[in-house]
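K.L.:
For reference, the structure I am asking about is given below.
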Amino acid sequence: MEDSERVVVVTDLFEIVREISGFPECKNTSKKLYSNLLRRVKLLSPLFEELKDSEILIDEDEIRGLGCLKVGLEAAKNLLRSVNEGSKLFQALQKDNIVKHFHDVTEQIEQALSEISYDKLNISEEVHEQIELVHAQFRRAKERSDSPDVQLYMDLYSAQNEKDPDPAILKRLSEKLQLKTINDLKKESLALHEMVISSGGDPGDWLEEMSVLLKKLKDSVLAENTGAETSENEKVFMRSRSPVIPDDFRCPISLELMKDPVIVSTGQTYERACIQKWLDAGHKTCPKTQQTLSHTALTPNYVLKSLIAQWCESNGIELPKNQGSCKNKNSSNSVPDRDRAGIEALLQKLSHGNPEEQRAAAGEFRLLAKRNADNRVCIADAGVIPLLVELLSSPDNRTQEHAVTALLNLSINETNKGNIVNAGAIPDIVEVLKSGSMEARENAAATLFSLSVVDEYKVAIGAAGAIPALIDLLCQGSPRGKKDAATAIFNLSIYQGNKVRAVRAGIVVPLMRLLKDAGGGMVDEALAIMAILASHHEGKTAIGLAEPIPALIDVMRTGSPRNRENAAAVLWSLCTGDVQRLKTLKELGAEEALKELSENGTDRAKRKAGNLLELMQRKAEPGAEDSP
């Protein structure tokens, strides 16, 4: 393949990504899909920059792969442009088709990335790792489905089918579609006009539907802008209607609208004050289900809290309290004054106190950070995180436990994850994981899991030597420690480089031990990790040497739906291209279990089981014994 062809393909790819990177922010109903695709494409830029500056020749196969990637990125560019510049009404009404377009483009790019061998491209290790990470993001995005916006669908249906829709519905649609001003509506009219032209003058029934809907939105916006008095009267009317509170928004104890919903260990949600009163009275059961609570920790239900806030706003009801930011000093319902004052006093002890005062202060921050979301923001804003990171190296075990657990609680906040990493915490957390007390090691593992939710931090955590220490905790830890270690290992292994680290650190042997110990309570975790490691050639080899096929067949016969799915996925990886393992599978009587799974398993399990049965059938055909 001539060098000129390499230059042309690489230059085209570089220019496409550069053009996409300049696209503006999207503010319509496809905002999340648009932003995610745009961000992932931008992350490919370093690859094309290095290839553009490289003198090395590229194989014909890689040129072909880059050509496929070019086609995928061109499709992404056209989709992103049409979504950002096109009719917002059309996109809302055709949301399912838009979602499918994004999925198709994502699948196209992921397939192209799979066909490129980066080892042959002579790129730096940093760029190699970043591209593998981006590839993993595309792979996960391909398998993920976008949650439907039920409220949007309901509002669109009402606005289309009711002669005089509720003004609150039209206002909500205006805000959701970003058609809030006369100028916005003029742009939307032009976009509809462009669609008529591009359809050759025969737009079909949809134009009339959208024109009627656009007129209703326009009337609503005009009324909002010119009739402030009427709008205020409408709000009073809305407040006086006393709408019926949805059952899911009521506390099962008080039957009142929840202001601070929290989840107990059984998965039920209650108003914080009500369930806390129940627990303080000495009860150890869930009031609704009467199940015994495995622990009494209360987890904020942020999703439900947000839904309640949206419902209140839509129905003209004053928003529940406890919604404020800790920086709002005038809000007594955000962070109580005593907590704010306490944070300042504790900060002084943490930075200037003696070791005993530092230990006590770290313990207090641990409790405050656990209490609520506003405290987590306030503690971080006060500059506490770097001081807690310093205490990770404390020779006092209790101080170390408090510090790492406080960081764990603070890391629940997404912004705080970055603050913790930027404070240089990862190496110190890994050190606690290696040599701290059992409680400190458990919470260090949980903290690493929390931080590893951010893809970029997976690389840093793996490079800091966390995986061998996590495997040690998986083998030697308490039941809770083993769970924390397993979840951290699983999440870190989403990144390809960490799969290799885990395999080379000897993870397969303990995984097999956990898999065979049904009473140990770790079969789910062991299988999930094995399934993700088996997708890498080193993982596949190491798992194959452990002779797991009999145990995996047992799981397929008797395991939970998720475990049966993962067992089939591991077997599929092991047996693809290996006639001897397919023979072993048949000899051990796996066909019956696979047939049952192909009919009654999860969607993924059905696919894997079906593929395995097809492989076994091919192997049984005449002449198949001679196949490699």
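Note: Cβ is positioned from N, Cα and C throughout, glycine not excepted.
Remember, TrEMBL labels are computer predictions, not curated facts.
The domain 'U-box' annotation in TrEMBL covers 244-318. Residues annotated as region 'Disordered' in TrEMBL: 596-628. Look at TrEMBL and you will find 383-425 tagged as repeat 'ARM'.
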K.L.:
Can you check how the pLDDT averages out over the domain 'U-box' (244-318)?
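P.N.:
80, rounded to a whole number.
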K.L.:
Could you put numbers on the helix, strand and coil content of the repeat 'ARM' (383-425), residue by residue per DSSP?
P.N.:
32 helix, 0 strand, 11 coil
K.L.:
So, by DSSP, how many helix, strand and coil residues make up the domain 'U-box' (244-318)?
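P.N.:
Helix/strand/coil tally for the domain 'U-box' (244-318): 25 helix, 12 strand, 38 coil.
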